[in-house]
Amino acid sequence: MAGIRVTKVDWQRSRNGAAHHTQEYPCPELVVRRGQSFSLTLELSRAPDCEETFIFMVETGPRASEALHTKAVFQTSELELGEGWTAAKEAQVENTLTVSLASPPNAVIGRYLLSIRLSSHRKHSNRRLGEFVLLFNPWCAEDDVFLASEEERQEYVLNDSGIIFRGVEKHIRAQGWNYGQFEEDILNICLSILDRSPGHQNNPATDVSCRHDPIYVTRVISAMVNSNNDRGVVQGQWQGKYDGGTSPLHWRGSVAILQKWLKGRYKPVKYGQCWVFAGVMCTVLRCLGIATRVVSNFNSAHDTDQNLSVDKYVDSFGRTLEDLTEDSMWNFHVWNESWFARQDLGPSYNGWQVLDATPQEESEGVFQCGPASVTAIREGDVHLAHDGPFVFAEVNADYITWLWHEDESRERVYSNTKKIGRCISTKAVGSDSRVDITDLYKYPEGSRKERQVYSKAVKRLFSMKASGRRTWIRRAGGRCLWHDDLLEPTTKPSITGKFKLLEPPMLGHDLRLALCLANLTSRVQQVRVNLSGATILYTRKPVAEILHESHAVRLGRQEEKRIPITISYSKYKEDLTEDKKILLAAMCLVTKGEKLLVEKDITLEDFITIKVLGPAMVGVAVTVEVTVVNPLLERVKDCALMVEGSGFLQEQLSIDVPTLEPQERASVQFDITPSKSGPRQLQVDLVSPHFPDIKGFVIIHVATAK
């Protein structure tokens with residue numbers, strides 16, 4: 001009988017794409033998820049005999065081998081049997097055969113080559129049918145990345161836009177972000193990120209064989225999204241100018257960054273800060289099939305020496321002494337959480353895992369962080385992999401303030417020690433609202449359980465013995481501090497202080513506020529108040545001083561007094577960063593040697609509104625109206641609207657804005673034509689050389705064409 005040949009392959013992209021939730025990927029090859037069958041139809045040169053079977057071979061990566069689980073050989077049967085790859089006949093009509101292939105739920109993810117030969121043709125070589133891409137599968141109960149809730153899968157795997165929360169604890173702002181995991185070339189770029197990793201460059205076959213494990217893959221991605229140890233995607237920059245690159249605040253999503261990395265032949269893209277690293281990492285992991293979300297931690301500790309204490313050294317005006325202060329507390333920090341099982345730790349630690357691509361500290365010699373089990377952080381199990389101490393400190397460290405004297409002695413100053421790890425936030429499932437997930441990371445602040453966990457973490461971290469052996473930390477000035485001493489509370493002072501805004505802090509306007517002091521005693525008190533203020537980065541690093549003054553205040557018995565403070569726009573406009581943040585401090589020196597430090601972080605407000613004038617429908621143009629206000633008391637020109645949105649625009653749109661008179665309100669209209677249905681995010685920023693970007697976004701519900 002004549003030999004049999006495959007003359008045509010139908011990959012059934014529409015059917016498989018719908019079944020595997022991969023229909024949004026624009027790739028020419030089939031994209032499917034592991035642990036789930038997919039179908040293809042083969043047209044043959046003749047009908048096969050009943051005793052003839054087809055032998056399939058799948059291979060991924062270089063030097064694919066069955067020993068490394070990067071190669072599998074399997075044949076058709078009437079049923080899908082076995083734990084490995086399987087093939088089953090679905091239907092046969094004359095010389096057309098439909099088969100169902102299935103991968104195991106722990107298969108290596110990546111690009112595969114599929115080949116075939118007939119069982120009777122032992123001497124014949126395999127016939128290449130083509131390539132397909134295999135992803136993690138949150139819909140498969142046997143996959144380590146399985147997520148039970150369909151609503152959460154829609155949000156954390158399939159939603160291609162989201163919200164990142166920034167600002168300060170008392171004034172949290174929402175920023176839109178275009179993840180764009182289904183945009184052109186993004187899947188190929190995400191696979192390229194894995195292939196560009198040092199582990200792959202050094203030992204590609206072994207690296208690929210480890211890609212069955214979400215623990216391994218996510219840790220590699222956390223290192224590759226930053227460029228510190230490799231030719232990773234994004235180069236960080238936290239101060240100075242952004243010459244030769246893009247300011248971190250000008251990015252509106254991950255797509256432009258990833259495409260620029262590819263087009264630049266894997267040269268790191270300039271520049272990113274924490275929310276950019278987190279946004280890009282969310283895109284990559286959702287694209288690969290791992291449920292991932294972006295998380296913002298307000299008052300986030302950066303504990304460089306892992307003593308679970310952020311030790312801040314200040315002068316007599318409350319100004320941070322940069323050369324002595326190694327630790328820091330950022331206004332906010334943004335990282336990721338991904339959902340998967342921890343086969344290395346046990347089922348108690350399954351679920352959300354912290355991953356952080358921002359290059360802060362090295363882990364195993366590389367700037368990477370995680371995965372760290374959120375459950376392990378809450379329970380103080382900081383000894384478990386990976387990077388538990390650093391993450392625990394970010395949300396749990398005690399905040400200690402030291403007054404540094406000219407003779408190099410230091411003195412503990414009363415301040416709020418429990419300000420670290422506030423309002424830990426993420427976008428709600430299915431809506432734009434903010435969800436506070438602080439209770440996933442720690443027990444209520446100050447509760448007995450929280451203190452027990454803290455003590456447990458300290459003992460784990462410092463290997464303390466039952467005898468209570470104390471651990472010392474070498475700190476500023478070469479002095480040694482006992483850890484027990486760091487946590488000893490100072491005497492609560494006999495006065496209280498608080499900054500109060502007298503009017504909203506608007507960009508371009510004078511800043512008006514008051515320091516409110518109250519005497520808690522029945523005796524008269526003399527207080528020396530040293531005030532300072534500075535423009536800062538969101539890391540709280542000072543940029544330029546804008547306030548420096550002293551007041552002598554007499555407080556009668558139980559008396560309250562206000563010290564009015566005005567900072568003119570002319571004082572801060574030249575040194576205000578794109579973060580639009582100002583830090584005020586008051587060092588209050590009370591009689592009898594008491595000292596109180598009062599601080600306030602301020603984010604200047606701005607204005608932009610976006611309206612859609614009519615129903616949005618796929619393929620039909622709709623008008624968008626954007627209203628902006630010139631925040632300045634001066635005329636500005638050369639402003640533009642920068643518009644971006646997955647499912648609306650192929651590339652970023654720039655629209656000129658007419659010259660704006662002082663504090664003028666103006667509206668600009670433009671048309672967009674939606675190409676995808678469902679809830680879609682449109683971002684619009686007002687960009688000007690005269691003031692920091694004013695950012696806005698709107699969710700537009702797009703209907704399918706009738």
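In case you wondered, yes, glycine gets a Cβ from its N, Cα and C as well.
Note that TrEMBL annotation is computational and uncurated.
Computed from a predicted structure; not experimentally measured.
Lifted from TrEMBL, the feature list:
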type	residues	note
DOMAIN	266-359	domain 'Transglutaminase-like'
ACT_SITE	CYS274	active site
ACT_SITE	HIS333	active site
ACT_SITE	ASP356	active site
BINDING	ASN396, ASP398, GLU445, GLU450	Ca(2+) binding site
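A gap of 6 Å separates the Cα atoms of CYS274 (active site) and HIS333 (active site). Residue environment of GLU445 (Ca(2+) binding site) contains 14 other Cβ atoms, counted within 10 Å of its Cβ in all protein chains. All protein chains considered, the CB of ASN396 (Ca(2+) binding site) has 25 other CB atoms within 10 Å. The predicted model assigns the domain 'Transglutaminase-like' (266-359) a mean pLDDT of 96. Packing around ASP398 (Ca(2+) binding site) is summarised by its Cβ count: 20 other Cβ atoms lie within 10 angstroms of its Cβ, all protein chains included. Counting every protein chain shown, the number of other Cβ atoms lying within 10 Å of the Cβ of ASP356 (active site) is 31. Nearest in space to ASP356 (active site), taking C-alpha to C-alpha distance over the recorded positions HIS333, ASN396, ASP398, GLU445, GLU450, is HIS333. Listed in chain order, the extra residues whose Cβ falls within 8 Å of the Cβ center of the Ca(2+) site residues ASN396, ASP398, GLU445, GLU450 are ALA397, LYS418, ILE420, GLY421, LYS442, GLY446, ARG451, TYR454. Under a cutoff of 8 A between CB atoms, and with a sequence separation of 6+ in the same chain, the neighbours of GLU450 (Ca(2+) binding site) are LYS442, TYR443, PRO444. A straight line from the CA of HIS333 (active site) to the CA of ASP398 (Ca(2+) binding site) spans 17 Å. For CYS274 (active site), other Cβ atoms within 10 Å of its Cβ number 27.
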